[in-house]
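TrEMBL has this to say about the protein:
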{"type": "DOMAIN", "residues": "6-182", "note": "domain 'GTP cyclohydrolase I'"}
{"type": "BINDING", "residues": "Cys75, His78, Cys146", "note": "Zn(2+) binding site"}
Amino acid sequence: MDDKKIEEAVKLFLEGIGEDIHREGLTDTPKRIAAMCKEIFGGLNQDAGEFLSRTFNAVNNEIIIEKDITFYSVCEHHLLPFYGKAHIGYIPDGRVLGLSKLARTVDTYARRPQIQEQLTAQIADDIMKYLKPKGVIVLLEAEHMCMTMRGVKKPGTLTTTLLGRGVFENNTELRNSFFQLLK
Ligand SMILES: Nc1nc2c(ncn2[C@@H]2O[C@H](COP(=O)(O)OP(=O)(O)OP(=O)(O)O)[C@@H](O)[C@H]2O)c(=O)[nH]1
Ligand SMILES: [Zn+2]
């Protein structure tokens, strides 16, 4: 990441909104934002393949679900946060992942400028690509600040996105057992 560019951009932006960039509260803000970007956009420098490639033998091929994975992302249209929970289920085909790797995959793609549908798809596609399970299903529920603090201003609205790959693509029974286990 280019700290200098971020700092210059923040100064210009603050001037643009009519702020005095030399007042005490703002003098360190460009540096703070450059440091913050490393956290909230850190996924841009990460490759989920590095940890998704660490698989081990499955005990059986029953469904595995990791639910309520908290995530924070930033909408690419307004650069405002959207945040919520990710729920992931997969049916192994001989190999499984360490549980933490599902949450790491969510973080890798959440920490980028995003839209929710794309985030959902990137998580599902990478799990298919590296683990090669029989199927994976990803459900994301999030609140978008661009819907609440500006624009249409509807606090409390929850956006849900769902994507199934492999056996979850069109098997209603399997999808329903995922929903059942989330309750
Ligand atoms: N599909 C989708 N839309 C999103 C997401 N995040 C934000 N948006 C929407 O992106 C749209 C951008 O619409 P535009 O009309 O280009 O921008 P805008 O004038 O700021 O839109 P308003 O929010 O309606 O004021 C808005 O409707 C947002 O609600 C997302 O993750 N997925
Ligand atoms: Zn937005």
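Positions of Cβ are set from backbone N, Cα and C atoms, glycine also.
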Under a three-state DSSP reduction, the secondary structure at Cys75 (Zn(2+) binding site) is strand
Is it possible to get the count of other C-beta atoms within 10 angstroms of the C-beta of Cys146 (Zn(2+) binding site)? 16
To test your reading of the Zn(2+) site: which residues beyond Cys75, His78, Cys146, same chain only, put their Cβ within 8 Å of the Cβ centroid of those residues? Val74, Glu76, His77, Leu79, Leu80, Phe82, His144, Met145, Met147, Arg150
Filtered by Cβ under 8 Å and at least 6 apart in sequence, the residues in the chain of His78 (Zn(2+) binding site) near it are Met145, Cys146, Arg150, Gly151
Cys75 (Zn(2+) binding site) CB neighbourhood, other CB atoms within 10 A: 18
